[in-house]
């Protein structure tokens with residue numbers, strides 16, 4: 001069951017769904033519009049062979065950058081890891097499906113299918129892909145990520161690698177997980 005504005009506001013009011021900082025305009029008709037944070041991550045190197053199965057950490061592969069002059073510039077046919085301004089805390093029976101706002105998609109931007117798990121807590125780090133041949137500018141504080149909330153049947157507690165993340169978080173290595 002997808003949650004509409006009224007149900008989302010009830011979850012926020014009763015403390016089940018946490019959003020910090022919170023402004024009511026973040027709550028839309030059928031989801032949340034989260035805002036761009038102040039930092040982003042891009043690859044520090046190009047033309048490297050990256051094998052996630054051989055890495056314990058990937059921090060050395062990325063440069064974490066503060067938005068200069070209030071702008072994040074995503075080069076053509078490239079991507080950046082962005083973080084949300086908001087720190088969210090999801091209930092154990094609500095999941096979030098992430099999409100880019102359609103206006104931004106019309107400029108050639110996209111995000112891969114991304115789910116916010118039940119019980120997740122932290123800033124959302126998400127890959128924003130520039131599929132266009134142009135440089136596209138995003139600005140901290142602008143609404144960019146639309147999150148559709150749905151109730152799950154039963155509850156689950158998130159125990160993943162990214163619990164409690166703050167700011168933009170590069171991927172974790174997969175060493176030990178691959179056969």
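Glycine residues also receive a Cβ, built from the backbone N, Cα and C atoms like all the rest.
According to Swiss-Prot, the protein has these features:
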ACT_SITE  127  active site, proton donor/acceptor
BINDING   101, 102, 103, 104, 105, 106, 117, 165  dCTP binding site
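Of all the binding-site residues listed (104, 105), 104 sits in the most crowded Cβ setting, with the most other Cβ atoms within 10 Å. The record assigns 101, 102, 103, 104, 105, 106, 117, 165 to the dCTP binding site, and the maximum Cα to Cα distance across that set is 30 Å. You'll find the Cα of residue 103 (dCTP binding site) roughly 17 Å from the Cα of residue 127 (active site, proton donor/acceptor). When the binding-site residues 102, 103, 165 are scored by other C-beta atoms within 10 Å, 165 scores highest. Cα of residue 102 (dCTP binding site) to Cα of residue 127 (active site, proton donor/acceptor): a distance of 16 Å. Secondary structure from DSSP puts residue 106 (dCTP binding site) in coil. Secondary structure from DSSP puts residue 127 (active site, proton donor/acceptor) in a beta strand. A separation of roughly 13 Å, to the nearest angstrom, links the Cα atoms of residue 105 (dCTP binding site) and the residue listed as 'active site, proton donor/acceptor'. In this view, the residue listed as 'active site, proton donor/acceptor' is surrounded by 14 other Cβ atoms within 10 Å of its Cβ, with every protein chain counted.
The separation of residue 127 (active site, proton donor/acceptor) from residue 104 (dCTP binding site), Cα to Cα, is 14 Å. Across the fold, the C-alpha of residue 165 (dCTP binding site) and the C-alpha of residue 127 (active site, proton donor/acceptor) stand 15 Å from each other. Ranked by Cα separation from the residue listed as 'active site, proton donor/acceptor', the binding-site residues 101, 106, 117 are led by 101.
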